[in-house]
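Noted in Swiss-Prot for the protein shown:
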type     : residues : note
ACT_SITE : CYS460   : active site
COMPBIAS : 19-30    : compositional bias 'Basic residues'
COMPBIAS : 51-70    : compositional bias 'Basic and acidic residues'
DOMAIN   : 108-227  : domain 'BAH'
DOMAIN   : 269-813  : domain 'SAM-dependent MTase C5-type'
DOMAIN   : 382-447  : domain 'Chromo'
REGION   : 1-38     : region 'Disordered'
REGION   : 51-86    : region 'Disordered'
Amino acid sequence: MAPKRKRPATKDDTTKSIPKPKKRAPKRAKTVKEEPVTVVEEGEKHVARFLDEPIPESEAKSTWPDRYKPIEVQPPKASSRKKTKDDEKVEIIRARCHYRRAIVDERQIYELNDDAYVQSGEGKDPFICKIIEMFEGANGKLYFTARWFYRPSDTVMKEFEILIKKKRVFFSEIQDTNELGLLEKKLNILMIPLNENTKETIPATENCDFFCDMNYFLPYDTFEAIQQETMMAISESSTISSDTDIREGAAAISEIGECSQETEGHKKATLLDLYSGCGAMSTGLCMGAQLSGLNLVTKWAVDMNAHACKSLQHNHPETNVRNMTAEDFLFLLKEWEKLCIHFSLRNSPNSEEYANLHGLNNVEDNEDVSEESENEDDGEVFTVDKIVGISFGVPKKLLKRGLYLKVRWLNYDDSHDTWEPIEGLSNCRGKIEEFVKLGYKSGILPLPGGVDVVCGGPPCQGISGHNRFRNLLDPLEDQKNKQLLVYMNIVEYLKPKFVLMENVVDMLKMAKGYLARFAVGRLLQMNYQVRNGMMAAGAYGLAQFRLRFFLWGALPSEIIPQFPLPTHDLVHRGNIVKEFQGNIVAYDEGHTVKLADKLLLKDVISDLPAVANSEKRDEITYDKDPTTPFQKFIRLRKDEASGSQSKSKSKKHVLYDHHPLNLNINDYERVCQVPKRKGANFRDFPGVIVGPGNVVKLEEGKERVKLESGKTLVPDYALTYVDGKSCKPFGRLWWDEIVPTVVTRAEPHNQVIIHPEQNRVLSIRENARLQGFPDDYKLFGPPKQKYIQVGNAVAVPVAKALGYALGTAFQGLAVGKDPLLTLPEGFAFMKPTLPSELA
């Protein structure tokens, strides 16, 4: 069966409360005495009554046709999460007539499209709504229909309302009908454009009760900028949101949008890959964007793992790859901008602050200062030929932390290049200026406003389910989770058009989703539009389940990207926090869409050559032809997969990294004892029996079987793992299965990773195929490091699907409010058609 797809929310004018669990919503209308509306006599007070004559019947029936149809029971129109008992049947209240004005408690007059407080439970803040309908029911009761605003604390960010301005609320599409007497107080809510400059405050917001610049849609917890036409429609029917400064703000946003569209016309974009690993996420994003017609290029990448950086640089020689921490990278970006300002390449209102930056005073005769350095040991004088690099941190762990320049010395080659602190090169201003100007022109480092897309998955060891020592109470205090703060700080500094963050689904589970809520709140604080969802790798053409959390961000001038719907059938597994279950990207249950069959292990790796436990070669040749569409596609070289027409016959299809972790002699002997059949594991070893409750134990009275080394065949850790209930230790995979999740380790001690027919664990290449890496994607480092690179990666087909959605949004091709996007038929194995000049 296919997983369920959630329907987008639509208008619902029933008596049903807001359908999303645990989110603040008005209560059902209270029961009132069933009596017709009477004329108010002098001295008599009623809780609520309508004013003026009713709206003409023809106009009312045209505006609210459902109110005048015969009474019938039908399912609700709006749905955002899984159905509850209250969703089964809802009766639409039939109207006798509609009104434009009402008075409550003989003191407060309300008109259509007014904003108001609505009574809530005792001791709780009142609800906030826009009145979109007022009518007398056929039963004689008085009603109004509310379209609800959400306070920040009522949204997915919850406690991180502290990051949001106090008066800010979010407009939803959720509507329901309540008794008129529940109206409590009239409000002044300003509908304003979402401003990219978070430091700029529109003066009119100081005198209002609340202001609203974003919609909040429950499906996929989407925060989207209010469109200008929406504000105009509201202002036409209301006296609010008409201040001159608000209109000017809207015009400013419009100008930004037009400028963005001119840039988009070139269909080119730059990408920064943070925590890049070996580059899977950016590789997939660029592949998918290209299929949408956008030429997305990974211009910069950062990771602290040297082996991963080498892998990325080899496969993407066009990328500026930096092996450094994200913290140091942020410091470097700030110092680079200062240098650009100092050399008048970039404007700044405080440019005078950088006049003597690092001792590089802007004096003309500074060029006469010697650019030489004397070696104290032998008296040799070195002359700076040119500056060839820049870095921040502690190069080779030898010097103090700071900004360093890489120097090429006159009459020496690059093997003698050295890193020198910039303060020691203050007499080389001319050389530094030359380097900075060349670097600025070529874009060796991104500058604020100069990046189109930032992607990355901040390290998740502190929240991963594979980490048994997680800080459950305050995850942001865990040093392993601090990178989430750094990631958001880099986004805030660079202000890219689009942001895509990836992480494990445990981000939603641990501490009630604390870190995920923080990430959403932080992006909203920066005035990014936001959408989050979960995607399973197997639903996009892999023999691996691998569910991951993704968070989109987009500037107000852009369209927030959608999530791509699955291309392959897949049965979902695992437990998801109830509140986020509806955020899984999937089709509705019972849908009629024809999805491709799910891929199995045999579809993915059956064509690979047999290798032994001791195999160490980095390159080998194929000995079989591919037999499945996946195998044919994954073998394509980069030039073939990119749609290039210039196929070099001299290039051969090479298979990289098809060698397994070389197991020690004891583990190898154990693997050889695992039967070659489905479901086999250590429980098949001699002397192991399964007792009550599926708990394993050793057979009593029998001597334990020993290995050649003298150690026991059945290790104690296998008997005690998960209290003896696990079947994972030394588990053998089978051809008709899918892998739950490719991880960073290859030891078979507590996972099912043994090859179906060979006495070894899955090779690095087999794991890489399960992640969707092309066969020609070469990895670097020791075997364990290669497994880590593959296990930490975002599945390439998932990133490819997201790249297509990104490209569609970037080019302004996304239409409608649906948070989900249908991919083209055959997308999984689709190759782009390049223009002739690029082919």
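For all residues, glycine too, the Cβ spot is worked out from N, Cα and C.
Given the structure is predicted, the values throughout are model-derived calculations rather than measurements.
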Q) By a Cβ-Cβ criterion of under 8 Å, what residues six or more beyond either terminus of the compositional bias 'Basic and acidic residues' (51-70) are in contact with it? A) 13, 92-95, 97-103, 109, 133, 135-136
Q. Which numbers of helix, strand and coil residues does DSSP report for the domain 'Chromo' (382-447)?
A. 27 helix, 24 strand, 15 coil
**Q.** Per-region confidence, the domain 'BAH' (108-227) (mean pLDDT, whole number)
**A.** 93
(Q) From the DSSP assignment alone, can you count helix, strand and coil residues within the domain 'BAH' (108-227)? (A) 20 helix, 60 strand, 40 coil
